[in-house]
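According to TrEMBL, the features are:
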REGION    29-56  region 'Disordered'
COMPBIAS  33-44  compositional bias 'Polar residues'
BINDING   S186, E255, H283  Mg(2+) binding site
BINDING   R407, D421  ATP binding site
Amino acid sequence: MATRRLIHSVRGYSKTACRAIKLTGMAQPMATGHSTGPMYNTQRCGPRHNKSASKSNTEMPIKCLSTAAANQQQDRTLEELVFDPKGELRSNNSNADRDNAEFERAINQLNSLQSNEATLLHSVNNPKKNPKLDTLKYLERSGLTMDTLQKLSFIHVSGSKGKGSTCALTESLLRHHGAHTGFYTSPHLVATNERIRVDGQPMSKGKFARTFWKVFNRLKESQGAEEDMPAYFKFVTILAFHVFVEERVDVALLEVGIGGEYDCTNVVPNVGTVGIVSLGLEHTDLLGTTLGEIAWQKAGIIKPGSHVFTNVDQTECLEVICQRAQEKKAVVHVVPPTREYFRSEIGAKLWDSCNEIIHLNGSLAIQLASDWLRRTTGPLHHDYDLDAVRLEPKMLLGLQNTHWPGRCQMVEYKGLRLHLDGAHTVESMTVCTQWFAKNIKNNSCPKILIFNRTRGTEYRPLLTLLVRCCDFDMVCFTPNVAFPETTVPSQLMVRISMKNQLIRAKDFATQWTEVCERENKPDRGQVFDSVTEVFNAIRGRYDRHSGQQLEVLVTGSIHLLGATISALGFMEESRT
């Protein structure tokens, strides 16, 4: 059994730690509906089971882009290609201009709440400040009580890399089972309203602005003589709670901002299902300098009696997670590799059609969604076994229909093959470079790297991975801004000045030179003031009408990806 196969990963634990852990090891392969082959249990997952859904069990749940649809891609903006590759979400909003104006006004006000780096360092990992009480204070002033939040059901996810994509996969799985979902994530790619989603769709700019001013005015009116307003992230978190309450969602996926224990998302009371994704050394100035210290922070979201699912495999981290779970009388389940769900004949054929996000975090998402369904649907799942989760066609559709922009995403646009991934840790950059190398169509095409990292100092290992990835023909370091003096509200970062961003970019270039010398690779690094200047240089060097396709890897920061999308969109509009 797979359970035995995974037992080796927890050898050496103390008896105390081992009591708190259970290995969720039996991933059932995809059920095909055929009369031959392995036998599977017949439990159905879903609060609103549709009898007609069973008819699809013999169908291949893969959607292909038609030739006509592919041709239509040529007429779409880059932002549409990134956020809506299938062209399903277009709408004619007669109030778009007014909504955009109100949205920008709201974001300008929201940006005034951004903290500088010194304040952020002091507040995130500061138990003396009691951040939970601080958040509860603002919640009550905004008109929300804990009794109101208690009526919502949450799935809370922490980790170093992959928590956003895990939430996105889980949300899609639950939505495909009929749940009315909310999803709170950070950071945003292009616009702040992306952080709050209902039924898979970002909150409209108009509704974001209206809800923002309602909450902002309540907080402003109740602040008293001393100005006391929540910081940027805390405000948006409170805003998300208001939206989920108003929408009366069945379940809200909640991605931790930084850490877990002291994160402002960690005030939600009704959390029966918790996820902890892979851990690595990140935000060491905030969370600690060892994996054990970081694991302690991430495991801070575990609630009493909750089911905790994780794909963490480091012994040091698992011991800490188990100890924290035991304190809360919670049980830790280590999920199997996603490949285990594709062991059937048809599953093996479908494995290659799944993207890297599914490969890495699909198993964790399946277990999180299945656990919530079991808890919520009562009699439908009274015999549901955590150790026998199978990949039904509906589950596979939920995985494959997950769209998570800016993470292992390739977009073809105006002679560019843009490879977009916000990797910022060694683990995620390893995946990113492997994915990029695998997806390059023609090794003779020019390969260009655009890189920045928002914060942290341990970036030489990332640059080393990129140097070893391939011989880039052009390497560009730039701040996370579309234009030299950006005025786009959602891109403004008050806590990191433009001057400091340029200093970082120059430091990256210096480090790149040193790594290239050590690896005996050519140094083609350059520093630019903005992403617009990067693409002006690219177009000046390569003729866009030559028919030569450029392979462009943009990585290191989600904010950099957003600036790239904005810059290319503006540049294309100005040419028409």
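Keep in mind that glycine also has a Cβ here, set from the backbone N, Cα and C atoms.
TrEMBL entries are annotated by machine, without manual review.
What TrEMBL annotates, mapped onto the structure for a quick look.
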residue: S186; record: Mg(2+) binding site; DSSP (3 states): coil
residue: E255; record: Mg(2+) binding site; DSSP (3 states): strand
residue: H283; record: Mg(2+) binding site; DSSP (3 states): coil
residue: R407; record: ATP binding site; DSSP (3 states): coil
residue: D421; record: ATP binding site; DSSP (3 states): strand
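Note on proximity: among S186, E255, H283, the binding-site residues of the record, the Cα nearest R407 (ATP binding site) is that of S186.
The most densely surrounded of the binding-site residues H283, R407, judged by C-beta neighbours within 10 angstroms, is R407.
Cβ proximity to the Mg(2+) site centre (mean Cβ of S186, E255, H283, cutoff 8 Å) flags the following additional same-chain residues: K163, G164, P187, V256, G257, I258, D263. Here the C-alpha separation of E255 (Mg(2+) binding site) and D421 (ATP binding site) works out to 18 Å.
A simple way to gauge crowding: the CB of E255 (Mg(2+) binding site) has 24 other CB atoms within 10 angstroms, across all the protein chains here.
Annotated pair D421 (ATP binding site) and S186 (Mg(2+) binding site), C-alpha to C-alpha distance, rounded: 15 Å.
Looking only at other Cβ atoms within 10 Å, the busiest spot among the binding-site residues S186, D421 turns out to be D421.
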